[in-house]
Amino acid sequence: MSLIRAYTRNASNVTKLLSISSFYSRQACPVITNTSARNIKLLHTSNAKSLKERLAEIIPERQEEIKYVKKEHGAKSLGNVTVDMAYGGMRGIKGLIWEGSVLDPDEGIKFRGYTIAECQKLLPKAEGGEEPLPEGLFWLLVTGEIPTTEQVRGLSAEWAARSDVPSFVEELIDRCPNTLHPMSQFSLAVTALQHDSNFVKAYQSGINKNEYWISTFEDTMDLIAKLPNIAGRIYRNVFKDGKVPALESDKDYSYNLAKVLGYENNKDFVELLRLYLTIHSDHEGGNVSAHTAHLVASTLSDPYLAFAAALDGLAGPLHGLANQEVISWILKMQSEIGVSANDETVREYVWNTLNSGRVVPGYGHAVLRKTDPRYTAQREFALKHLPNDPLFKLVSQLYNIVPQVLTEHGKTKNPWPNVDAHSGALLQYYGLDEQNYYTVLFGVSRALGVLSQVIWDRALGFPIERPKSYSTAAIRKMFEQ
Ligand SMILES: CC(C)(COP(=O)(O)OP(=O)(O)OC[C@H]1O[C@@H](n2cnc3c(N)ncnc32)[C@H](O)[C@@H]1OP(=O)(O)O)[C@@H](O)C(=O)NCCC(=O)NCCS
């Protein structure tokens with residue numbers, strides 16, 4: 001472990017090293033797994049500890065690590081900030097700490113060092129299933145460790161047990177007009193759940209800041225657990241008869257989400273949700289939903305308020321709502337040029353979109369410079385489960401055409417598809433054709449990533465966020481006088 005190697009170079013840390021290594025040697029049957037040469041993890045194969053118990057063990061070690069990193073590297077520079085960056089949405093400024101995932105421009109997202117393909121291979125599956133369970137991904141994001149099947153089953157059961165939604169929140173959702181966008185209803189309901197925040201109660205009772213993470217963890221677990229019921233109620237109210245079926249306490253999270261949507265008997269759809277919830281969870285710290293949750297939580301707002309704010313950001317068409325935009329753009333294209341238009345006609349349609357001053361939804365990315373691996377994972381799912389679906393074929397046709405057009409157009413830094421270019425076509429195939437609802441599913445998944453970081457924000461005592469800003473007049477004064 002690099003931390004231990006670094007510690008050995010510093011004599012004053014020998015005692016800490018000994019305590020860390022004896023900590024590891026105390027663990028029940030630790031096994032060293034190696035998914036890549038530089039990335040060694042400890043995998044606990046027995047003695048299934050709950051996530052909270054495991055977290056309580058890890059936090060002191062991570063706190064020491066942060067102290068060490070700040071002491072050794074605190075004064076070093078992460079890079080330059082230019083005026084263009086300040087005007088350009090802070091693109092490329094390295095100014096955030098995010099523990100769960102790092103986004104590489106070429107390789108895509110890695111969750112605690114693991115690629116999507118590695119997660120698909122290593123994370124526990126449902127019985128008879130092939131896709132990873134998002135419960136396992138959450139465990140990985142929180143702890144940095146691949147959980148055992150037993151630990152993941154425990155998490156499924158715990159979430160099912162915490163899933164009840166207070167009746168006043170149900171009524172609040174029921175009172176929303178069907179014309180209110182599902183994302184607005186989602187944000188409203190999550191804000192209202194704040195009524196029962198453990199963190200708020202603990203804070204008001206005057207707990208020590210070292211204990212903030214405990215009630216934050218409880219809120220996070222409660223909130224994630226309630227999302228299928230919230231999301232299901234919104235879906236049933238807006239698109240169906242308003243009746244939400246009860247969750248099953250012995251089933252996994254994705255099965256239960258499929259159930260509230262009415263798809264629990266379609267095992268391929270349940271598998272799709274397992275994949276979907278895993279890959280949409282986290283995309284490092286700078287994207288709008290992640291950064292918003294982190295920013296709002298930095299004021300010691302509780303996880304409900306922080307996540308509701310994240311949902312408001314996700315609801316924008318350049319972020320999560322792009323999954324809705326993509327499918328409506330594709331369906332409009334189909335209605336205008338037919339279902340099996342040739343490449344030339346499709347190319348012309350893409351050019352028309354660009355020439356009318358609009359973006360091609362589902363393409364481009366602020367960080368990525370290759371096809372998004374989340375797109376690829378969905379494409380592989382489609383090749384396996386729906387290779388002959390006409391909509392999938394059109395999505396594939398666009399994959400061959402749009403990057404060429406965007407490159408020729410010459411503005412977009414990344415002409416390749418992102419996650420949103422594919423997800424709608426898969427949902428449509430299984431019959432979930434209510435496009436306005438798609439971003440809600442993205443939001444359920446995003447909770448796993450942003451809330452696991454909020455736990456760490458509290459555990460590591462991160463301060464209130466407060467970057468420096470300048471006015472244009474101040475910039476001119478700085479460089480012109
Ligand atoms: C994701 C996105 C917001 C990233 O924005 P960004 O970091 O500013 O992207 P770039 O640096 O490549 O933008 C440079 C220019 O290309 C344009 N551009 C980027 N992606 C484009 C697309 N898909 N279609 C048309 N133009 C695009 C930008 O609007 C910008 O134009 P401007 O100079 O007139 O303002 C952008 O690619 C986009 O709008 N994509 C479509 C929406 C989408 O799929 N969102 C989901 C993202 S996961």
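Any Cβ shown, glycine's included, is placed from N, Cα and C.
Curation does not apply to TrEMBL; its annotations are automatic.
Residues or ranges marked as active site by TrEMBL: HIS319, HIS365, ASP420.
Annotation: HIS365 carries the greatest number of neighbouring Cβ atoms among the active-site residues HIS319, HIS365 [cut-off 10 Å, Cβ to Cβ]. On its own chain, ASP420 (active site) has GLY320, ALA322, ASN323, GLU325, VAL326, PRO361, GLY362 as residues at least 6 apart in sequence with a Cβ closer than 8 Å to its own Cβ. A straight line from the CA of HIS365 (active site) to the CA of HIS319 (active site) spans 10 Å. In the three-state DSSP classification, ASP420 (active site) falls within a helix.
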